[in-house]
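Data block below; observations after.
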Amino acid sequence: MAEHESLEFGKADFVLLDSVSLDEFMANLKLRFEKGRIYSYIGEVVVSVNPYRAMNIYGRDTIEQYKGRELYERPPHLFAIADAAYKAMKRRNKDTCIVISGESGAGKTEASKYIMQYIAAITNPSQRAEVERYLQQKAFLFLSPHCCSDESCEKCMFIINLYDLYFIIFQQEGERSFHSFYQVSEGLTTDIKKLFLFCQLFQTPDKSHQTCIVFSILQSSINDSADFKAVTDAMKVIGFTTEEIQTVYKILATILHLGNLKFGSDGDVTLIENSKLVSVLGDLLSTKDENVEKALLYRTVATGRDVIDKQHTHQEASYGRDALAKAIYERLFCWIVGRINDVIEVKNYDARVHGKNTVIGVLDIYGFEIFQNNSFEQFCINYCNEKLQQLFIQLVLKQEQEEYQREGIPWKHIDYFNNQIIVDLVEQQHKGIFAVLDEACMNVGKVTDEMFLQALNGKLAKHAHYTSRKLSPTDKNLEFDRDFRIRHYAGDVVYSVVGFIDKNKDTLFQDFKRLLYNSSNPVLKAMWPEGKLSITEVTKRPLTAATLFKNSMISLVENLASKEPYYVRCIKPNDVKSPLLFEHERCKHQVEYLGLLENVRVRRAGFANRQTYPRFLQSHTYDKEAVKRLLQGCGFEHDVAYGKTKVFIRTPRTIFSLEEQRAEMVKRIVLFLQKVWRGTLARMRYRRMRAALIIIRAYRRYKVKSYIREVNRRFKNVRGMKDHGKHVKWPTPPKVLRKFEEALRNIYNRWWAWTLIKDLSPEEMVQIRAKVATLECLKGQRADLGLQRAWEGNYLVSKKDSPGTASSFTLVSSDLQRKDKFMRVLFSCNVRKINRFNKAEDRALLITDRHLYKMDPVKLYKPMKSIPLYNVTGVSISPGKDQLVVFHTKDNRDLIVCLQGMVPAGDSRIGELVGTLLSHFKSANHDNSTTPFNCSASSGHLRTEQPA
């Protein structure tokens, strides 16, 4: 049973379907494909659907997940079956084979590559280098889309070789021929193409359209140039010489040029229409042009001592050309395989020392097909699949029976469709279709395909799986004298007898063998040793194609039957190579001819699932007796059987019920474990946090104490220092004391300032406060603040500043004091007043604690204007060195004056005026934290304003 996959992906094992029907099988297959699950199980058979996209499920991590695991322990995968085959070989010392079947495009070759990749990855280090070397050298197999990795199975290679050759001269619509043809035509350099006289377009024999170019478009995702390079590099790695590689290219080019060779007729004489190709073929085959032309148009016949040249008919010449193309490719393929087998052969092997030489065979075989016009080649392929399906069912039943016997479970007979009757219909001696075909080919005289069909009708008229139009006159799907139908296990197939006789005969005339044996190319010459026979030497009649195929199949089946088989059934989901499209009817047809539903029925006929006790224990309980009590407690004792090492469960419903109960119990267990674990984590976290808090607190106390002790040490004798500690550097405080340090610095600064001003008189204190206010407001804005000199304030009473008018101003000031009741004069000086007409006049400015007076110095400081101080909203000054001052009032009647007087160079009275006003307003409000005047820059001027 495949585990570790949610039911949202469908049933991972088709054996676990609720009911065995084709519709339910197809629905589950489609669901898994759409969910990205391309692999499924039927017991121990892997069903693979081609995803037509790259999938990240073959990396090293995935390999580790399947290494050494049982088949049902992980989700379905090729690696699981590869591991099972490997374990059977290593642990039980048994030969194993993995049979991969399916139609073209179903992903068989990719499956074989992944299987060999897995085996290479899990091989122990002492053997891994050899396996990797083997796989690298096996890269040559890109030359063929179908191959076998079982080097001990020569017949296996031969059978694939034989029926694959059919594709050299014919392909189904939308399919490619061998990849090697496309790789050569795309990968060779321009110079070598010219050397081989390549045309721009090639066509295969019997095709009038440009086949290769059309196929290249259909297979646009294949990079033939890159693959060509990979194959060439692989051949160099394995030891092919440059001359041998060149010969391989020449042989492939020869086959392509044969595809362009056309015959015509001039009366009774057969001619080669495009005769220029003869010289091309002569160059490629390293032989004379006239010998090539003669072999294509004539057949040498020896009658006693006489030797005559019999000219071919147009049809005979075409058959001969096709036979030559197939034979050349076959000899090339066998030669390459032989070279590689020589290299990878285990040297100095001794069974007494190394033990039995076990193998894992990987058989990649073409699948059953039903075409519109099935020919002789497809008949052979379908017979092959019929034979393998029979073996498949027999071996599956045999494996089931052996497992039941090992476990001590009674075996019951299982009914299944036995297709031996169809196999006998084809291969039976004297009565089978192959026997009738061979007999027709050996008859003397002109024997036609129609005569062969008549012979079949005579011998097989009563066979339940054979019919023709003569035997079923009302069946209009069959043509008279052409078609016959066989009822295969996968469905009815109609075959056309056209070409059966000629294709079954050995149409590779001895003339071709002599032609190639006499080639000056030693590699090509070695491929045709029988060509050395003289014309008059008598040779045995060669075996027919049907007999060769049947013998090879019988040998293959015997070989497979001697091994422990594993199966991969590949399915092609659509014809357009889309990763999203699942064509129901197409897939249904493949499921039928692969016999997958029959496989499910055989598996379900007994116990659908079996698990070893340790595995079952891991999921459910602890020992065999506990397993029995568990199943009895759940009411399933009637649906199970207990083997020696495994528990057998008959119906899928029991399995699902157990899994549902287990899943529910697991939830409860998980919740309980989560609760306990979360509590444990919380307590651990609390203890860690509490310990950390204690440590942090202790460390903070240590840092605080250290800082305070350091501050105390540095400022201990600050009173006795000349600068009262201004030069002392403050220690860096810990973060927690940064605000405390700021406050401490403020305290120190206030103390330091107090030490400077404690001995000053009240008048000096007033001036100090004014200067501080000026500095806070105008620092960085003006340089001429006058902070270094003494501020007199009332400059109009100074005889130095106003020597001739001081007494007059004093009298006016006294009168104003009595009248307006002001307490003191804040500031006075001579000014130049500027009116709105930009006219300047001499004036005097008097500012008391209550009013601002504008006076006329010419008229003995007669007051001209009095502005209550609370009406002054602000003062604007410029950042330059001028003495311009603007007094702003609430009624917007601003007063603009320019201060005058005797001041040191680079100094002014602007700072004194601003500081005096700011200091006065701070004192008037009795709040040192706020001031009615705020300094701000506006349009290039400083503006000191009193809030309205």
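Glycine residues also receive a Cβ, built from the backbone N, Cα and C atoms like all the rest.
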Match it up for me: which of 484-506, 507-529, 553-575, 852-874 does TrEMBL list as region 'Actin-binding'? 553-575
Can you dig out which of the ranges 789-808, 929-948 TrEMBL describes as region 'Disordered'? 929-948
What counts of helix, strand and coil residues does DSSP assign across the region 'Actin-binding' (553-575)? 9 helix, 8 strand, 6 coil
Highest CB neighbour count within 10 A among the binding-site residues Gly102, Glu103, Gly105, Gly107, Thr109? Gly102
